[in-house]
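Shown next, in structure tokens, is the structure this report addresses.
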């Protein structure tokens, strides 16, 4: 497969270049080229600044009847980026630069002006020395004097460099190292001192914490000793606590202070709702009940009296201690049976 881009073309053996027809083109014809502005310039029409390096699509042509040492001079046409005015400049092979022709003005360049001034001074001096031999002598005297001043300045610079060369750089470096070493040792001592102080503070804090913990343990043990110990959880309901501030009732009798849990629950055997559930059995006591008047009545009356006695006996009898005695029912029933017999 042949290459797509080749530099050498194939010429057949019978190729004759004289047979190729020549095109008749004008010598001042223009070509479109891509270039950058060679210097800073300002448009005369609108005042737009065009900086060095700005890219343009320019037209290029060869300047007719102008040569510099056999080298052709080219002219370039560009347009202003703002007003599209035409600006032209051409090459300057004598100064290896470009020369502005029309349409814009070249901005000030100090370096270029200095170079031109130096060249002008040299040319004037050469013209003076060419026709005046005394001027040549004066210029040589000035040049020799200038050389002497330059040599003196150079000698002073050498002496200054020698003085600086006598400085003991090794000694300076050693002193700097000693100072750096002392500084590191001082920093290390300060760090050790700070660490020691921190450890002492932590130790003191731990001792204080341990003392406070021991005091708290003693207080807690004392409070536990003062607290009464109960064997069963239900003993709290029946134990009586000493009254701190006894309160007097309306009749002048002192009553113990009732706790909130006693008011809500109550005590066993009291007058509350739980007191009616307790039955305390007592020994039978003989009661001398008066005999009824109609004892010799008919059996029907006896049965009625028995029913009435039984109803009377079925009623609860309240004793002095405030509890209902149900055990008296048996005694009343026994006495009634004896009377009937």
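Don't overthink the numbers, they just go from 1 along the chain as shown.
Glycine is no exception: its Cβ is also placed from the backbone N, Cα and C atoms.
Looking at 161-180, 181-200, the stretch flagged in TrEMBL as region 'Disordered' turns out to be 181-200. Other residues of the chain with a Cβ within 8 Å of the Cβ centroid of 43, 46, 80, 83, the Zn(2+) site, are 44, 45, 47, 48, 81, 82, 84, 85.
Set side by side, the binding-site residues 43, 83 differ in how many other CB atoms lie within 10 angstroms of their CB, and the most is found at 43. In sequence order, 80, 82, 83, 85 make up the list of same-chain residues 6 or more apart from residue 46 (Zn(2+) binding site) whose Cβ falls under 8 Å from its Cβ.
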